[in-house]
Amino acid sequence: MSEISPYWRKTRALTAWLLLLWVILTFGVSWFARELNEYRFFGFPFGFYFAAQGILLCYLGIIVHYSRRMNQLDAEYDDGEA
Amino acid sequence: MFASLTRLQRYYLYYTAVFLGFVGLLALLERNGMPPRWVGYAFLVFTVTMYAMIGVFSRTTDVSEYYVAGRRVPAFFNGMATGADWMSAASFMGLAGTLYLQGFQGLAYVIGWTGGFVLVALLLAPYLRRFGQYTIPDFLCARYGGNTIRLIAVFAAILASFVYVVAQIYGVGVITSRFVSLQFEVGVFVGLAGILVCSFLGGMRAVTWTQVAQYLILIVAYLTPVAILSFNVTGNPVPQMVYGQVLEKVSALESRLFKSEAELAVRELYRERADLYAQKIMQLPNSLMIERERLGAEINALKSSDVQMREIIALERQRRELPLDPEQARERWEKEMFAAVDRSKPPIPHAEAFPGDTQAERDAQRINFLALIFCLTVGTAALPHVLMRYYTTPTVAQARHSVFWSLLFIVILYVTAPAYAVFAKFEVLSNLTGIPIAKLPGWVAAWAKVGLVSIEDINADGILQFAELSLNPDVIVLATPEIAGMPYVVSGLVAAGALAAALSTADGLLLTITSALSHDVYYRIFRPQSSTQFRLVIAKSLLLVVAVFAATVAAQKPGTILSMVAWAFSIAGSAFFPALVLGIFWARATRAGAVAGMVVGLGLTLYYILRLEFGGYAWLGFGDGSLDPWFHLQSTSAGVFGIAAGFLTNIAVSLVTRPAPGAADFLARIRRPGSRPEAP
């Protein structure tokens, strides 16, 4: 494809950023679980807490943000001919 | 507020109320003397009847209804159905047990099985929905063109789904045999009936609405016992919030108990036992003969003296049960040896991440943890029975939103599982360990009878040490009601929840296999001109055949097939993920690239699993003796190599071939703005 539509460019950028965040949370933070366990959080060692609960909430946040932002992009660029 | 609900929401609210009323009624009846066995029957009959009613009301003769529920499922309900579709008997019963046994390391399953939905949301669901056909092979075929890729996709979809569905039906057999004491084989066919009433007449439409009903039951059943247990232990009925305090107590108990004299002595005894077996295995076949002669001599000595007949019979049984030949002896003794080795190791503190004595061991644990997460996430995002669900929403925006609901409904169970594990460990450490064996609580004996709990007083001091107790992972969820001292009706509820989890997943999988065969192979490849009516007849008959076949396989209790479920993620991930993602995001990806990538990825994954788990297969032309794991990775993480190889091959081959002419059009279509999908 020679020209890339602005809608697709923005979609791609959003996807890339959120994916990067996902990689950092999933693999970056988990890598240091041992070190994070030194800290306490509501009685939990933080590394354990993050893997058991924190990260799941972050995942939900990522999906909500993506869904909202894509709805905006859709409204902005949809010219009605489908 | 009630008026603002949609008609569907109101229906499911009534349904939930009826179910809770039913549970309350049973609790009342039990208190007035209804035997536990009847409680089990009542749950089985009531829930399966509910599913059957939904299944019959949703019957359909429309192709789009049968394959994708008419694309009229609202995001919220699709999320719930996906939750039930996704959470299998393994999530319901096995996860908490795995977390109990492995502590922190088990959290790889929690992260992996939820993280995958982020990939589904960002990379796949909206595009699949905008494309809007019926199956995953449809999508690949439209993007890359040609029937080769369709056939490979069908093969991979069936490979990943079939072992999975067999495991679900097996799970149904186990649950029914344990709770309503049906014979295992009968239980399997009861399960088969339960699956067929949901899917046979109504296809995806019926499956969707029963899955919603099943989700409601399974989540109520999962939360109730642990909430009561949490209230008993901490005074707060929200276990997810308070188990941190319990974990602290567990850690304190662990650091005190694991180093106590008695525990050390017990572990030493297990180490000696392991050494003994190692010696015997080394000296085969002589050791087997010596063993037999020793028992023979003892029996003769006893016979000439005037001891009890009972002792002689016990010894004779021992002699009869000796392995028949050195081959069998090696197999059996190796199993005993590994079991003893396991018990001789110092236990791992529950919250410790990447445990190990040396830095190298810790690094290997960390690599395995992250690799397992990687495989489970990518596999989750590639399992066809989950992806198919996102074809059923009305719009693209709803598909995106529906992934959020899916993950939310799944997370409710997955944040609870670690709490189950911690409460169970607290119970074991504070109320079982160090207690005289004669005075153990009743549930231990009850579950020991069915073989899910085993106790061996190896140091013969009459007191239970932690290392002397072994638990089957399933028992954690199943026994929690009894640990908390609840009436049998709660156990029945748990069984109904486990049944719902197994049935809902089996339905989704069965539909995937059926549509791969009837839609992709029969309609798309063999008979594109067949009438819609006839296509449905084919679909329904194939569903019946596949279901009966899967139940027949499950009735054989195939051990290897059950462990193969863990590999389904690697298989699906390496076959589908690279082709789907590159197909959507990289315009240069070509048909040859996709085909090569799928074959190489799938092939490498299968090769690694087979080499590692079964050593060599001479008749397949490779190797004798087993493979050394690459980078210390276990076979459940085989997908790491397969997925990487799939991506690399796809990219490399694509760069030297030309994209199909239709690809640009296809991409322009799925990448355009707007929430409305194509008319199919």
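Glycine too: its Cβ is placed from the backbone N, Cα and C atoms.
Whatever TrEMBL says is automated annotation, not expert-curated.
The annotation transmembrane segment is assigned in TrEMBL to B:12-29 (among others). If one looks beyond the transmembrane segment (B:12-29) by at least 6 residues along the same chain, the residues whose Cβ comes under 8 Å of a Cβ in the stretch are 5, 39, 42-43, 46, 50, 212-213, 216-217, 220, 487, 489, 492-493.
Long-range contacts of the transmembrane segment (B:41-58) within the same chain, counting only residues at least 6 positions beyond its ends with a Cβ under 8 Å from a Cβ of the stretch, are 15, 19, 22, 26, 176, 179-180, 190, 193-194, 197-202, 205-206, 208-210, 213-214, 217, 492-493, 495-496, 499-500, 503. TrEMBL lists B:41-58 (among others) with the feature transmembrane segment.
Tertiary neighbourhood of the transmembrane segment (B:79-101): same-chain residues 73, 107, 109-110, 113, 164, 167-168, 171-172, 175, 207-209, 211-212, 214-216, 218, 222, 380, 385-386, 389, 402-410, 413-414, 417-418, 420-421, 424-425, 471-478, 497-498, 500-502, 504-505, 507-508, 565, selected by CB-CB distance under 8 Å and a gap of 6+ residues from either end. According to TrEMBL, the transmembrane segment annotation covers B:79-101 (among others).
Per TrEMBL, transmembrane segment is recorded for B:149-170 (among others).
Positions annotated as transmembrane segment by TrEMBL: B:182-203 (among others).
Under the heading transmembrane segment, TrEMBL lists B:369-391 (among others).
Per TrEMBL, transmembrane segment is recorded for B:403-423 (among others).
Packing against the transmembrane segment (B:488-513) from elsewhere in the chain are residues 23, 26-27, 30, 36, 39-40, 42-44, 47, 51, 84-89, 91-93, 135, 157-158, 161-162, 164-165, 168-169, 171-172, 175-176, 178-179, 191, 194-195, 198-199, 203-204, 207, 210-211, 214-215, 217-222, 224-225, 228, 384-386, 388-389, 477-478, 480-482, 543, 546-547, 550: each is 6 or more residues past its ends and has a CB under 8 Å from a CB in it. For B:488-513 (among others), the entry in TrEMBL reads transmembrane segment.
For B:534-555 (among others), the entry in TrEMBL reads transmembrane segment. For the transmembrane segment (B:534-555), the list of distant contacts is 61, 63, 66-67, 162, 165-167, 169-170, 173, 184-185, 188-189, 191-192, 195-196, 199-201, 203, 510-511, 513-515, 517-519, 522-523, 561: same-chain residues at least six beyond its ends, Cβ to Cβ under 8 Å.
For the transmembrane segment (B:561-585), the residues of the chain that approach it from at least six positions outside its boundaries are 90, 123-124, 127, 136, 139-140, 143-144, 149, 152-153, 156-157, 159-161, 163-164, 166-167, 170, 375-376, 378-384, 553, 593-594, 597-598, 601-602, 604-606, 609, 635-639, 642-643, 645-647, 650-651, 654, 667, 670, judged by C-beta separation under 8 angstroms. According to TrEMBL, the feature transmembrane segment maps to B:561-585 (among others).
Counting same-chain residues at least six beyond the ends of the transmembrane segment (B:592-610), those with a Cβ under 8 angstroms from any Cβ of the stretch are 140, 143-144, 148-149, 152-153, 156, 567, 570-571, 574-576, 578-579, 582-583, 617, 620, 622, 627, 630, 635, 638-639, 641-643, 645-655, 657. Sequence annotations record features per position, and here TrEMBL assigns transmembrane segment to B:592-610 (among others).
Annotation comment: TrEMBL describes B:630-653 (among others) as transmembrane segment. Residues of the same chain lying 6 or more positions beyond the ends of the transmembrane segment (B:630-653) and with a Cβ under 8 Å from any Cβ of it are 364, 367-368, 371-372, 374-375, 378-379, 566-567, 569-571, 573-575, 577-579, 582, 586, 589-590, 592-594, 596-598, 600-605, 608-609, 612-613.
A contact links the transmembrane segment (B:149-170) to the transmembrane segment (B:369-391), because at least 3 Cβ pairs that are 6 or more residues apart lie under 8 A.
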